[in-house]
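Some features that TrEMBL has for this protein:
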DOMAIN    A:25-258  domain 'Orn/DAP/Arg decarboxylase 2 N-terminal'
MOD_RES   A:K47  N6-(pyridoxal phosphate)lysine
ACT_SITE  A:C324  active site, proton donor
Number of protein chains: 2
Amino acid sequence: MTDRIREFLRTRRPDGPCLVVDLDVVRDKFLSFAKAMPDTRVFYAVKANPAPEVLALLAELGSCFDTASVAEVRMALAAGATPDRISFGNTIKKERDIATAFELGVRLYAVDCEAEVEKIARVAPGARVFCRILSDGAGAEWPLSRKFGCEPAMAPRILEHAHRLGLEAYGVSFHVGSQQRNTGAWDAAVASAAGIFREMSDRGITLKMVNLGGGFPTRYLKNVPAVQAYAQAISDAILTHFGNQVPETIIEPGRGMVGSAGIIKAEVVLVSKKSDTDDVRWVYLDIGKFGGLAETMDEAIRYPIRTERDGDEMTPCVLAGPTCDSADVMYEKDPYFLPVSLEIGDEVLIEGTGAYTTTYSAVAFNGFEPLKSYVI
Amino acid sequence: MTDRIREFLRTRRPDGPCLVVDLDVVRDKFLSFAKAMPDTRVFYAVKANPAPEVLALLAELGSCFDTASVAEVRMALAAGATPDRISFGNTIKKERDIATAFELGVRLYAVDCEAEVEKIARVAPGARVFCRILSDGAGAEWPLSRKFGCEPAMAPRILEHAHRLGLEAYGVSFHVGSQQRNTGAWDAAVASAAGIFREMSDRGITLKMVNLGGGFPTRYLKNVPAVQAYAQAISDAILTHFGNQVPETIIEPGRGMVGSAGIIKAEVVLVSKKSDTDDVRWVYLDIGKFGGLAETMDEAIRYPIRTERDGDEMTPCVLAGPTCDSADVMYEKDPYFLPVSLEIGDEVLIEGTGAYTTTYSAVAFNGFEPLKSYVI
């Protein structure tokens, strides 16, 4: 909670659930990344929070942008970024979307297979491509599937294919998993990347960039290492595996940039018990899995929740959303401790919600409006 | 697939993923419910698909409406339903929303605890309430949590509380679980309801209605029983447990009314392998968990998928959506068999998607637009 958000909620008293994002926190985060990793370019992951005010601030501060779609490319451009500061980082792109991004000036694209390389070669001649490799994601709190990336052994063939088709085989990317609390998680992936650089060099092709991805955490209930600790661990990994042939590096923070800048204000709609003998109460909020808290899926992300009664005795609660969907339950396997005095109508503040909330919210499930957002 | 949908897709050729709903199917479904259960009023679950054309057709056919929010109450009214044909069926309601619904003329409300009864008594004096009881949901394909309903033993106290506060203790409701393929699932819940009727009668209060909920399935990959089979099983249960004191009954079909009326047209964006030795390919579509197919969560609902190459050899595929979210994978634990000849750019038709798709889709995750919908 920041003073500016507290003041906004006190004076504006917005009705219904809403997210409030404090730009001062975003600025601090950007500057701490820039300071801790001065030789690394920051590509903000637009999908984390594409609010125009957030993008405009970051563009002004000199950030680059990692985009997932043509719509996000346009948002980054509208915010003031030049096309050379935009990466089309989704490995899954329609050919016509690549063509549009290329027309808009974007020259940097992610790939993880030969078919994607061929699309880019057809409609974005001469563009730079980096190949995403798989990482096991151990230590990350948001699940990392095998959806993005190829086995490292395949990468040289894919990059050489790009080279032969007239593209610039530019580098390697990976993602160590979102909300990665282990600063050592980058080491193995950097080692893989260095191996691919060597293999490509043997083939006469010089790669230039390692895209270190995201994974930088937001502080939820558990402490997380500082940005400096990540910077040090990554720097050590680069030195270990690349020696004095240090590549160009970029990072793609999303959650780590905006997560802690946002707070969701919500309201207790109902408190009840399912039977007289239950120890666990059910607390229903006016926001749930379909209203912006999608990352509570499988109870993956556990947000800090504050109430005005936090000094009182705490008891275990199942926390659920307001929709008529049985799956709209946030914390049940591992109940959430909330004040026994919590009442219908009480305000609750859900912290660390600046990332992956507004855009995840459903258009109108059960007739509920999407999450409102205020950027201050 | 219906001829009308096939013709629409052929002539209109809409760009991007979209849902097409055939109103003729909705009409047939409504009439089959009405015919199979002539003494039961149908309250269509608006949340399943609130398209104005669907609501208007059902209103014209004489359907009533089960709503989850004030917005849905307004949609039902706008479609031509009178307030006496609307139930506010969400057990989790803000008091100010109850007040608004009451002003709009709604007189029937769901409750599952005393606190909710008290809200209704304060702002909707004299309204009818029914108490939702828990059901175990065995046999249902979409998970049923304990989110809605109380233990049956609590219901008489809650209903008596309503009575004492000047409300009309009107009945009992339950839900046997969405996509319920076992027609026998209603029996135990009807028995519980009958027990509550007797207990209330002993307290001098006559309940009138049993709300049999939803659960009526859409045909996905497996066969499902016909509406008549459900009607017969429910009728048998009522006779067994209520004898000749047959209560008023209502049903709340959502999926069973509109699921089979809709088809999503999507496109293959990428086909790839993660390593040379993998047997399983990855097929990426331009729609996924965040674009309308939320019910693939935990691989719960398995949609039939048709392609123009279905005569060819089929091989196992992981099916994923287009977003940069690792969780946006639909079928992986149990891979989906698709033609080995499937290519980037191919059209795929996802059947049985008329329910729980459009409104579930995210507002703009990754910059992708919400699912478009055409009702024909």
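Every residue gets a Cβ built from N, Cα and C, even glycine.
Less than 8 angstroms from the CB of A:K47 (N6-(pyridoxal phosphate)lysine) sit A:A68, A:E72, A:G254, A:Y356, A:T359, each of them six or more residues away in the same chain. Of all Cβ atoms in the protein chains displayed, 28 besides its own lie within 10 Å of the Cβ of A:C324 (active site, proton donor). Mean model confidence for the domain 'Orn/DAP/Arg decarboxylase 2 N-terminal' (A:25-258) is a pLDDT of 96.
For the recorded site, A:C324 (active site, proton donor), the DSSP three-state label reads coil.
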